[in-house]
């Protein structure tokens, strides 16, 4: 279990380098990745939910009930935003501590990745070159057919499609062959990288069991500290939600009562 926890931590922490590894972008810290993903997700949910609430309030039923859901939604969004601001520094501290504890292991894995990259780069370059050649060959074969279509207009469209079909299938088959060849070439390096990671973890487990235990203990300690520091912010969120929920409950009961009176009077 400890090895699994450490593996996930290492993969997560080194994952921030993956985009830099293949695309040569600036590396992004783990917290930045988590924060960006969480922010996008929360914003999408918040905006989408607000749109649905606004549509409901604009409907005939929404106007009749007059629940003031949009006001409550905005209050809730404000409370959640406040929670994010309060927890942000605490979570940042957690990731900073975890990064420090796994710095040595991440450096070793970065060296392994760089070594594998140098070995597989020629295969990637060769694949890209062959793919460009196939596309250019396909373009040269298709070009005369395009001119033929312009000359013959619509009556030759079906004939053109019949001629293009085998060419497209040929391109697909040749591309598939190149992909299979690339996969076969890269397989040993992928396995080599997996074995190196397993060896790193096994070395920690056997030759440095104390270090692995220490990683796990410190991670647990950081998580406990995170929970304790987040409690006040979560309590603030709960207190902020109470008026919103009470307002919603009162509005709903009033709407139901009014609807009942109208039904009884008919």
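The backbone N, Cα and C atoms fix where each Cβ goes, glycine too.
According to Swiss-Prot:
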MOD_RES   109  methionine sulfoxide
REGION    67-266  region '10 X approximate tandem repeats'
REPEAT    67-88  repeat '1'
REPEAT    89-110  repeat '2'
REPEAT    111-121  repeat '3'
REPEAT    122-143  repeat '4'
REPEAT    144-165  repeat '5'
REPEAT    166-187  repeat '6'
REPEAT    188-209  repeat '7'
REPEAT    210-231  repeat '8'
REPEAT    232-242  repeat '9'
REPEAT    243-266  repeat '10'
SIGNAL    1-18  signal peptide
Exercise. Can you tell me the mean pLDDT for the repeat '9' (232-242)?
Worked result: 68
For this session: Just give the helix, strand and coil counts over the repeat '4' (122-143), going by DSSP.
Result: 22 helix, 0 strand, 0 coil
For this session: Quickly jot the same-chain residues contacting the repeat '4' (122-143) by Cβ under 8 Å, restricted to those at least six beyond its ends, or write none.
Result: 164, 167-168, 170-171, 174-175, 178-179, 181-182, 185-186
